[in-house]
Amino acid sequence: MGKKKQEEEQNSSEYGAPAQYDPTFNGPIHKRSCTDIICCVLFMLVITGYMVVGILAWLYGDPRHVLYPRNSTGMFCGIGQNQNKPSVLYFDILKCATATNIMAAALQGLQCPTTQVCVSSCPSGFWALSPLAYLPNAKPADYFQQELCVPSLQLKDTTYTVMEIINKELCPYYYTPTTSVLDRCLPSLGGSAYNPSNIPANFSLPGLSINQTLSTIANATSDLTNSFNMKDVGLRIFEDFAKTWQWIVAGLVIAMVVSVLFLLLLRFTAPVLIWILIFGVLAVGAFGIWYCYNDYMSLASSNLTFSNVGFTTNVQVYLQVRDTWLAFLIILCIVEAVLILALIFLRTRILIAIALIQETSKALGHMMSTLLYPVVTFVLLLVCVSYWGITALYLATSGAPIYKVVALNTTQGDCSNIQANQTCDPQTFNSSRYSSCPSARCVFINYNTEGLFQRNLFNLQIYNVVAFLWCVNFVIALGHCTLAGAFASYYWAFSKPADIPTFPLTQSFMRALRYHVGSLAFGALILTLVQIVRIILEYLDHKFKAAQNPCARFLMCCLKCCFWCLEKFIKFINRNAYIMIAIYGKNFCVSAKNAFFLLMRNIVRVVVLDKVTDLLLFFGKLLVVGGIGVLAFFFFSGRIQLPGNTFQTAALNYYWMPIITVVFGAYLIAHGFFSVYNMGVDTLFLCFLEDLERNDGSAEKPYFMSKNLMKILNKKNKQPKTG
């Protein structure tokens, strides 16, 4: 006992003196002043600047540049005068493939040096201009389709010959089967299209055979098509969401109900429910062991090995390999053994953790409104994310369109007089000014980047990201401080519930906004700076991954690991600092120091008790998310059939996307509800440590903790002497 007391005194001297008894202290201090005013002013200035950036982006930006394709004159397809023509057709897709950067195409809408027209639907077959069309008396209206030609050309009334129309690129002289990908008509030469029997005999590019023509088009446009096909996958996923959103919402509602029921059960039967939870996880592990063993034995006659299978994206193939189930079996056995050993050696600490959770449950029983606060945090985070996304989109589409004179076919006539930087106006452009170059056209190139606002778009995007991260971290900090103040009001109420303040959550929220915006912004700023460094490291690692030598890669890995650990540590310190701010109203640095010293003086209790509680709450999340995930899997994969035609799984492109969405949403919902519990446990634990240091159980300095906690710690309050 003497050695233990000596170690405690040494820790106290190293990490500050224990908290002293204060007869006037009975919970969160009401008489407080504003803290970290400089950081508060800085945060307000950043928010004001963020609003200005959003307004400028809204004034200069136009999301239609990304949402809708454009024809050669820069007019949007699918809206305005082209409302019934949602897709864009490229006369010579080969020019797009050779002259277009893929990333620029995705952002700028795939503008390339060939005529583009808006069409109602993409061509679905092969077609090439007949040789008869080149005869002197051939009429263009007999060979071209009006819909596929530029709108200014009227085939019935034109005086142009077929050759002149081709040279001026007023109509396409060939097209292939195309598919509308993001409303762009891109070649679809897969499957039976490669069969020469399905291709007209006259279909070929000049100087090439049919097979050479197909090969040239396929090879030249493969990268372009694949790039837009990836975006098309996103549209297919969006279609799945449109078909299943009602069922996704239903799954999320079930997750919310299960989470609330779990918390209500935890309030009344915390010990029983937690032990059931622990043994339930062990039972799930045991079932997994049995299942893996059963499948392992059922494949005893299989000769399939990993060397036979090789690498494949088909996961089902690996499940047919016997060694796969053996690996699963070994892993589950190890995990099960570790859990059983932890349960045996930490059983006493688990009892203390249960007591903390019971105390938190009692607090929630008196402050049920705290369970609704995650909704406030979610709404504020949704506002931050929406504002960031909309601002980023408008910034990316800022700038007036730039048109330049381009020779679409330099082999026809003398086009040397056309300068590369010669701009034009598509409304007033007259091709007769370039009589020596019949293919001269006024073509949209890109958007203006020469103005003051446009030159700083990259810097504004960086500002957008930094302000977004700061706002998100501030919202989270506000939630921590608000909940901490409410739970601290409960703990430091000596006679519960009589001494609990009225509307403790609202009072705590108002105190945080009135006095501690600067302190919360200070903590959020520190975390934001670390997150920015991590983002930069991830970018550099991705940018130079191929060029790095082993030493550089090792150094980069070490830096990423160190800053990841630093971010986790800062989050831990911030969380406890916000608790101290909510209780005592000090500035961020003082609160962080006091919280850190208090935790270090009780490091054993912190590591064991607090983390055991976190582990138990994580198991609760796992149970909720796992149950909802299994239900979603059986439903969206068609294993649970609904009567009638209410829902058909076959109508989905990727049935796993709704499953992932439900699981992810269920995790967010469970995390929101359990975060209240987690914050309550952390706050009560910190108050509990302060209670042990401030008080000794005497009549003058009684403990504020519950009788259950005092019983576990062999503590008790002495009754005041009477008479």
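Counting begins at 1 with the first residue displayed.
Here the Cβ of each residue, glycine as well, is placed from N, Cα and C on the backbone.
As annotated by Swiss-Prot, topological domain 'Cytoplasmic' applies to 1-36, 347-374, 486-516, 600-615, 677-723. The transmembrane segment annotation in Swiss-Prot covers 37-57, 246-266, 270-290, 326-346, 375-395, 465-485, 517-537, 579-599, 616-636, 656-676, and the record cites sequence analysis as its basis. Per Swiss-Prot, topological domain 'Extracellular' is recorded for 58-245, 291-325, 396-464, 538-578, 637-655, and the stated evidence type is sequence analysis. Annotation comment: Swiss-Prot describes ASN71, ASN202, ASN211, ASN219, ASN303, ASN409, ASN421, ASN430 as N-linked glycosylation site.
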Alpha-carbon spacing, ASN430 (N-linked glycosylation site) to ASN71 (N-linked glycosylation site), which is rounded to whole Å: 18
Beyond the flanks of the transmembrane segment (246-266) by 6 or more, those residues with Cβ under 8 Å of it: 273-274, 357, 361, 364, 371, 620, 623-625, 627-628, 631-632, 635-636, 647, 658, 661-662, 665-666, 669-670, 673-674, 677
PLDDT averaged over every residue in the topological domain 'Cytoplasmic' (486-516): 87
Same-chain residue ranges lying at least 6 outside the transmembrane segment (37-57) that approach it to Cβ under 8 Å: 387, 390-391, 394-395, 398, 453, 460, 463-464, 467, 470-471, 474, 517-519, 521-522, 525, 588
Tertiary contacts of the topological domain 'Cytoplasmic' (347-374) (same chain, 6+ residues out, Cβ under 8 Å): 260, 263, 266-268, 270-271, 274, 278, 479, 482-483, 486-487, 490-491, 496-497, 500, 503-506, 608-609, 612-613, 616, 672-673, 675-677, 680-681, 684-685, 688, 705-706, 708-709, 712
Maximum Cβ pairs under 8 Å to the transmembrane segment (375-395) - stretch from the list 465-485, 517-537, 579-599: 465-485
Same-chain residues near the transmembrane segment (517-537), Cβ under 8 Å, at least 6 residues beyond its ends: 34-43, 465-466, 469-470, 473-474, 476-478, 481, 556, 559-560, 563-564, 566-567, 570-571, 574, 577-578, 581, 587-589, 591-592
DSSP residue counts for the topological domain 'Cytoplasmic' (347-374), split into helix, strand and coil: 27 helix, 0 strand, 1 coil
Three-class DSSP secondary structure - ASN71 (N-linked glycosylation site): coil
